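Below is one structure; the comments refer to it alone.
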Amino acid sequence: MMQIKYLFALFAVLMLVVLGANEADADCLSGRYKGPCAVWDNETCRRVCKEEGRSSGHCSPSLKCWCEGC
């Protein structure tokens, strides 16, 4: 029974490490892109995100500009 508790604790710590690592690569909404962002606006979204200091950007199905590498 003690081994299961230690295994669970190790699993919980590993999950925190993995989730923390993924957070660094998460996307965030652009703060400067105005208006709806459709598929044909991808280049504009990328440019605005790069101006914000992000690695790139893309338009989502919800018509928002998401910057990558936040």
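Glycine too: its Cβ is placed from the backbone N, Cα and C atoms.
When Swiss-Prot is consulted, the disulfide partner of Cys65, picked from Cys45, Cys49, turns out to be Cys45. Within 10 Å of the Cα of Asn42 (N-linked glycosylation site), the following disulfide-bonded residues from the list Cys28, Cys65, Cys67 place their own Cα: Cys65.
Cys45 (disulfide bond) falls within a helix when secondary structure is assigned with DSSP. The separation of Cys49 (disulfide bond) from Cys65 (disulfide bond), Cα to Cα, is 8 Å.
In sequence order, Ser30, Tyr33, Ser55, Ser56, Gly57, Cys65, Cys67, Glu68 are the residues of the chain that are 6 or more apart from Cys49 (disulfide bond) and have a CB within less than 8 Å of its CB.
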